[in-house]
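Report on the following structure.
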Amino acid sequence: MIDPKLLRNNIEVVNAALAKRGVQLDVQEWASLETRRKDLQSKTEKLQAERNAGAKQVGQIKKSGGDASEIMARMQAIGDEIKAAEVALSELQNEIEQKALSIPNLPDESVPAGKDENDNVEISKWGTPRQFDFEIKDHTDLGEWMGGLEFETATKLTGSRFSVLKGPLARLQRALTQFMLDTHTLKNGYTEAYVPYLVNADSLRGTGQLPKFEEDLFKLQGEKEYYLIPTAEVPVTNFVRDEIIDADRLPLKYAAHTPCFRSEAGSYGRDTRGLIRQHQFDKVEMVQIVKPETSMQALEELTAHAEGILQALGLPYRKILLCGGDMGFGATKTYDLEVWVPSQNTYREISSCSNMGDFQARRMKARYRMDQKKTELVHTLNGSGLAVGRTLLAVMENYQRKDGSIEIPEVLRPYMGGATFID
């Protein structure tokens, strides 16, 4: 959630920033809400002052032995008015908060304006796409030929957009996961975390999925309001919800491997073949909790950590700075990493690394203590390090051989019992 003070006092500044996203707030509506809020608050304060003055007057009259019944009756009436005004003010503040929860984060000054992915800016490329001297297969054909990737079985078990991995491909996915976790924890300084795959609504509100994006989530039916996590970002970032952290503990850096569950609402007909877009997929997520003045530097570091995985695997990729219109709801700045997919002759997203500023922290009431008295909102960051299924398909396609076997990247061989290829 953006700073309510900005909405109250600088709505034009908010709109100027949101213009990069192609979003504009109704200035008159917000001005009207603020006028009503101020009027109700002023009315409540005046009534409270009148009641306090009346209470003193009643005390003085009783002390002198006089009759205070008329004033006491008035005080009772004022009390009823105060209750009504407080209810009205509370309802209005709730209305304002609900509207504010649906406003996306303000883009950083360095973020380009734009509508969609066509307006994103390529920052750099790494690696050269391999030139094959044979007709290549996509990962679906490779996996089915090997007998280790089954979509029909998954459809029988659950439905479309699910998959089953078996044998060497299952082991290769496990190897990728272990390699990512080992790199982030042993080399990059993250603390490994395993978390619940079910979260409550408060957690999803804290990171920004609720209330605006409920249709993208899987919600359990039952007495308790539980949701399957769309990303480990949700439970891990909420570690600091309602917490005040000592400044010397920052930054906090966590890496978590979880399955992720997404309804993919609005993506009907897109990427229906293969592992690109699944309802359930594994991901290693990086989360950082930092001081505000270091968050942009932390974004560069976190993105470099994701790039390091791709470089170690020898997978060509490019780094993209997202424009305002293509950024996620809670981000103030985002880099996407897109890996080369030979069968599609293009780059596809494999990691998204975002600085959320204090957007999530304000929702979560997550602060750090600067001194004995003063506290300030932390900044939160998250990024994929990496999406495991998409990394698997990238390895399969980029390392395929003419006979249909797949060479194992050198850094993964210790996790594969020393094997150099699978078939």
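Glycine is no exception: its Cβ is also placed from the backbone N, Cα and C atoms.
Bear in mind that the values here come from a model prediction, so they are computed numbers and not experimental data.
Noted in Swiss-Prot for the protein shown:
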type	residues	note
BINDING	THR231, ALA232, GLU233, GLU285, SER384	L-serine binding site
BINDING	ARG262, SER263, GLU264, GLU349, ILE350, SER351, SER352	ATP binding site
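If you check the binding-site residues THR231, GLU233, GLU285 against ILE350 (ATP binding site), none has a Cα inside 10 Å of its Cα.
ARG262 (ATP binding site) sits 9 Å from THR231 (L-serine binding site), taking the CA atoms of both as reference points. Between the binding-site residues GLU264, GLU285, GLU349, GLU285 has the most other Cβ atoms inside 10 Å of its own Cβ, all protein chains included.
Around the Cβ of ALA232 (L-serine binding site), the same chain contributes ALA193, VAL195, ALA256, HIS257, THR258, CYS260, LYS283, GLU285, VAL287, each under 8 angstroms and 6 or more positions distant in sequence. Those residues of the chain, other than THR231, ALA232, GLU233, GLU285, SER384, with a C-beta within 8 angstroms of the mean position of the L-serine site C-beta atoms are VAL234, VAL236, ALA256, THR258, CYS260, LYS283, VAL284, MET286, VAL287, ASN382, GLY383. DSSP assigns GLU233 (L-serine binding site) to a helical segment in the three-state reduction. A straight line from the CA of SER384 (L-serine binding site) to the CA of SER263 (ATP binding site) spans 19 Å. When the Cα positions of THR231, ALA232, GLU233, GLU285, SER384 are compared pair by pair, the longest gap among these L-serine-binding residues is 9 Å. Sequence-distant neighbours of SER263 (ATP binding site) (same chain, six or more apart, CB under 8 Å from its CB) are GLU215, ASP216, LEU217, PHE218, HIS279, listed in sequence order. The distance from the Cα of SER351 (ATP binding site) to the Cα of THR231 (L-serine binding site) comes to 12 Å. Comparing C-alpha positions, GLU233 (L-serine binding site) sits nearest to SER352 among the binding-site residues GLU264, GLU349, SER352. The maximal spread of the ATP binding site, taken as the longest Cα to Cα distance among ARG262, SER263, GLU264, GLU349, ILE350, SER351, SER352, is 19 Å. Of the listed binding-site residues, namely SER351, SER352, the sparsest Cβ surroundings within 10 Å are found at SER352.
DSSP assigns GLU349 (ATP binding site) to a strand. Counting other Cβ atoms within 10 Å of each Cβ, the lowest count among the binding-site residues THR231, GLU233, ARG262, ILE350, SER384 belongs to ARG262.
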